[in-house]
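Lifted from TrEMBL, the feature list:
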type     : residues  : note
TRANSMEM : A:12-34   : transmembrane segment
DOMAIN   : A:117-327 : domain 'ABC transmembrane type-1'
TRANSMEM : A:119-144 : transmembrane segment
TRANSMEM : A:156-179 : transmembrane segment
TRANSMEM : A:199-222 : transmembrane segment
TRANSMEM : A:257-279 : transmembrane segment
TRANSMEM : A:305-330 : transmembrane segment
Amino acid sequence: MLTYIIRRLIGALAMLIVVSMVTFGIFFVVPQWAGATPEALASRYVGRAATPETVHLVAERLGFYDPVVVQYGRFVKGIFTGAQYDYGAGVEQCPAPCFGYSFISGQPVWPDLVDRMPVTFSLAIGAAILWVLGGVAIGVLSALRRGSFFDRLSMGTALAGVSLPIFFTGMVSLVIFSYGLGWTPPGGAYTPLAENPALWAYDLLLPWITLAFLFAATYARLTRAGMLETMGEDYIRTARAKGLKEREVIVKHGLRAALTPILTLFGIDFGLLIGGAVLTETTYTLPGLGQYAILAIRNQDLPQVMGVVLVAALFVVVASLVVDLLYAVVDPRVRLS
Amino acid sequence: MSFLEVKDLKIHFPTDDGLVKSVDGLTFDLERGKTLGIVGESGSGKSVTSLGILGLHKGGRARISGEIWLDGEELNGASAEHVRGLRGKKMAMIFQDPLSSMHPYYTVGHQIIEAYRIHNDVSKQVARKHAIDMLGRVGIPEPARRVDSYPHEFSGGMRQRAMIAMALSCDPELLIADEPTTALDVTVQAQILDLMVDLQREFNSALIIITHDLGVVAELSDDILVMYGGKCIEYGPADSIFYRPEHPYTWGLLGSMPRLDREPTERLLPIKGSPPSLINVPPGCAFHPRCPYAERTQGKAETEVPALTETEGGHLVRCHMSRDERRGLWENEIKPVLETQ
């Protein structure tokens, strides 16, 4: 078990290193291959009116003439120990974890990310609770009443849920519930949980439901398929032969075995979401990581983009690590291999 | 009235292709402390019968008719909830493949404790002690340690022992073992059978062993019931069936048993053809397409279902041939061939 954990930890770490290299490569090396000079990179940090000499000086101070490996090393070092940036106008301190400075705002990236995390977390956790409970419950009921009206209705709805993009369902629900009925705020509203829990939930209700609808559809279908398979297993017959109540047969024996693939999918989905629910945050104009990523890309603000990509990658890796470890708890056969 | 009495049990499954008559008019009885062997090929209705007695077809698509009397109580007409309360407590079952029949995510102990606590209102600690005790009784070494093992950590024989421990945890009065040794190594088979017989004596329970191997039940059973196409075709005391079988199908089963004392060059006497489809059971005697003696009945085999008739003390046979004809064939044609082999 201990070796299993250590092996997974090493794997996760290696994954993060690779992701950081690839991201760094895409944002700093590929432009150079495409013909961007160190001066062109540096010119983004200085004003439009800067002379070529200033640009050259800044490029040198920011280390853009150094080999790529050295630049990457400096970037990684900055994350752990912090860094200093010299733009010519003075030295800026960037405390650890330093993901660099924004081209546009001139602010370090990390504090921006930290500011936006609670929004995305709130959105993701609330939606996750809704879609896991809803999706699994619907999936179980559909499997047990296979072919019934309920099964067809819920699987039809699930198909719609999987197929309809969030900017469509989001827009439609905004039109109906916010602008039409006036039940929910018309997007853009976010109240921190610590400030006013009721308002926090009220503001997020519609985004939660929209996001959960999309995911619940997948989970309902997966649960249904898993339950149909496990309920035909021999050990279900054994559980019934013991005289176990049918509800316990379904939940303790059937669902328990069907949960494993759901757990895997959940790890990946949740990890991706807390790295930024891009479409939902954009549709509802919520100031989360996803919206931040979109703004950063639109502004071609490379350090911001890199920061948000790396943080998202970290969440995905951590989430799948947690899932891997939970796997061993859920399925005892994993512990051996 | 016997402890277990099954009367004209019919279990039919409606399917898109037609009605599957898995069990079609089965009657037998069994006393406490006695063993019944139910023998037949795959698809003869053996397992469906056992699941039917346990009430595991209830609520499904099956159409069940007939009577199942257990200890003076009729089960077929009883509510599903009432039969559930009897399952595991009054009647228990051991399944064929202990690996797939035990839940892979729960420890062996957990599964025995669960079985015990369904019917006994005791704390987990008490149930755990009981589980360890049961594991010890079925011959699992270091039961206090193995109670926390998972099924996949056990060998096949150990798993079947654990399965038996689970089935016996509530002292059932009726124990049904569905092919309990088929999935096991030959060396382990005899151990498991011995264990079941020992425990049966200890608990004085009624035991039904379901198998396709007549050799398995010949020694252990008091009675043997041979099934073919959902019907009983020969039923009676084990000695009578084994030493004086009268149905051509039973002869075929005996001829299909490999024996160590045979010369390796000699061939088995297999039954020709394959078991009948349970949707289109052959008209008349279901066995007639495979029966080498079918032409002796002057066409009756194809048109008339033979009745189950008594040939000697409690020995019933479902065959169109006369008793003398069958006995003559057995003594003169079948027995000598089986013995010389």
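For all residues, glycine too, the Cβ spot is worked out from N, Cα and C.
Between the transmembrane segment (A:305-330) and the listed ranges A:12-34, A:119-144, A:199-222, A:257-279, the one holding the most Cβ pairs under 8 Å is A:257-279.
By the Cβ criterion (distance under 8 Å, sequence gap of 6 or more), the transmembrane segment (A:199-222) is counted as touching the transmembrane segment (A:119-144), at least 3 such pairs being found. Count of Cβ pairs under 8 Å against the transmembrane segment (A:119-144): among A:12-34, A:156-179, A:257-279, the largest is for A:257-279. A Cβ distance under 8 Å defines the sequence-distant neighbours of the transmembrane segment (A:257-279), meaning residues of its chain 6+ beyond its ends; these are 117, 120-121, 123-124, 127-128, 132, 136, 165-167, 170, 211, 215, 218-219, 222-223, 226-227, 229-230, 233, 235, 288-294, 308, 311-320, 322-324, 326-327, 330-331.
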